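Q: What Swiss-Prot records for this protein is below:
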type	residues	note
BINDING	ILE21, ARG22, GLY63, LYS66, THR67, THR68, GLU129, ASP130, PHE131, ARG172, TYR182, ARG219	ATP binding site
BINDING	THR67	Mg(2+) binding site
BINDING	ARG292, ARG311, ARG316	DNA binding site
REGION	1-182	region 'Large ATPase domain (RuvB-L)'
REGION	183-253	region 'Small ATPAse domain (RuvB-S)'
REGION	256-345	region 'Head domain (RuvB-H)'
Amino acid sequence: MDQRIIASSSTREDDAADASIRPKRLADYLGQQPVREQMEIYIQAAKARGEAMDHVLIFGPPGLGKTTLSHVIANELGVSLRVTSGPVIEKAGDLAALLTNLQPHDVLFIDEIHRLSPVVEEVLYPAMEDFQIDIMIGDGPAARSIKIDLPPFTLIGATTRAGLLTAPLRDRFGIVQRLEFYSPQELTRIVIRSAAILGIDCTPEGAAEIARRARGTPRIANRLLRRVRDYAQVKAAGHIDLPVAQAAMQMLKVDPEGFDELDRRMLRTIVEHFDGGPVGVESLAASLSEERGTLEDVIEPYLIQQGFLIRTARGRMVTTKAYLHLGLKPPRDRAPGIGEPGDLF
């Protein structure tokens, strides 16, 4: 599947742009107020005691600022940040090399921590609890274990799939934070801030139009801002106001709900081919010529969160809201947009 303009996964362009607009302090980290307030207390307490802050688990959908928050935490603590990801740490020795190079109170950030191998996890447990690791030296009968002391450090683990974490690993995090989708008002503030940093001429109304189509996700909001900037430079002398933002979104085929053509095609397929559902995910994937994982991880979450799609024990169903969005008359027995319990698919 081609990269979607409203995909919440990161691209190289996103990574490069994020580096320039990423907030450095909690005061500049917009949204997620409960998380910010709690982290401010934890950070100040750790600094006052002169200790490493407790280990932190951050989870939530992609694009909400987990990596950004880890940078902010390290900056607020005044320590260095080492960044890696679960799939990169293939062997216990890889993790040992990272840990032994940390300075006291440093922050180690592991993205996609749910993808750590069991062997690596076993090494991580004593490192998190006792700041020690056991390394095997030699092979066969001559092999022996050496215990290495580590400096006190803070591990920040980030994941989009908290349910895949093993219980022993999850229990070793003293601080657990869930990031929620952002409101249009919060995203508007983020777009205005990003536009100012990037030198983009954008009115509050133009920023609000971009924000309301960004699916509650800062990464998407910033990506849409860059594409609208391109449109404005060619069509509107670089000025982004409400009409320019709307015209750019029409060109990008992102509707007012933040849906692109793939979202609309999925809803339309359920309505036209399966009478609105329920339909099993395998049948739906075959009809759309998409992989099951793409439907479950990329397309469905936002449709469900916004009340356009529900999952039942018998499969996927669209709601009245979906019919109205497609300009169709809903059947009388159609669900109004509230999910049903049970999901076996």
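Yeah, the Cβs are placed from backbone N, Cα and C, and that goes for glycine too.
Buried or exposed, and what's around them? Tell me for each listed feature.
A: Under DSSP, ILE21 (ATP binding site) is assigned to a helix (H, G or I) in the three-state scheme. Counted within 10 Å of its Cβ, the other Cβ atoms near ILE21 (ATP binding site) come to 18, all protein chains included.
Within 10 Å of the Cβ of THR67 (ATP binding site) there are 21 other Cβ atoms, across all protein chains.
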Q: Would you mind checking how many other C-beta atoms are within 10 angstroms of the C-beta on ARG292 (DNA binding site)?
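A: Taking all protein chains shown, ARG292 (DNA binding site) has 14 Cβ neighbours within 10 Å.
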Q: Measuring Cα to Cα, how far is ARG316 (DNA binding site) from GLY63 (ATP binding site) in Å?
A: 25
Q: Might you list, by sequence position, any residue in that chain lying six or more from GLU129 (ATP binding site) with a Cβ less than 8 Å away from its Cβ?
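A: Residues satisfying the criterion: ARG172.
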Q: Could you tell me the mean pLDDT the prediction assigns to the region 'Head domain (RuvB-H)' (256-345)?
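A: Mean pLDDT across the region 'Head domain (RuvB-H)' (256-345) comes out at 84.
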Q: Looking only at the region 'Head domain (RuvB-H)' (256-345), what are its DSSP counts of helix, strand and coil residues?
A: 42 helix, 9 strand, 39 coil
Q: Just the number: how many Å between the Cα atoms of ILE21 (ATP binding site) and ARG292 (DNA binding site)?
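A: Their Cα atoms are separated by 35 Å.
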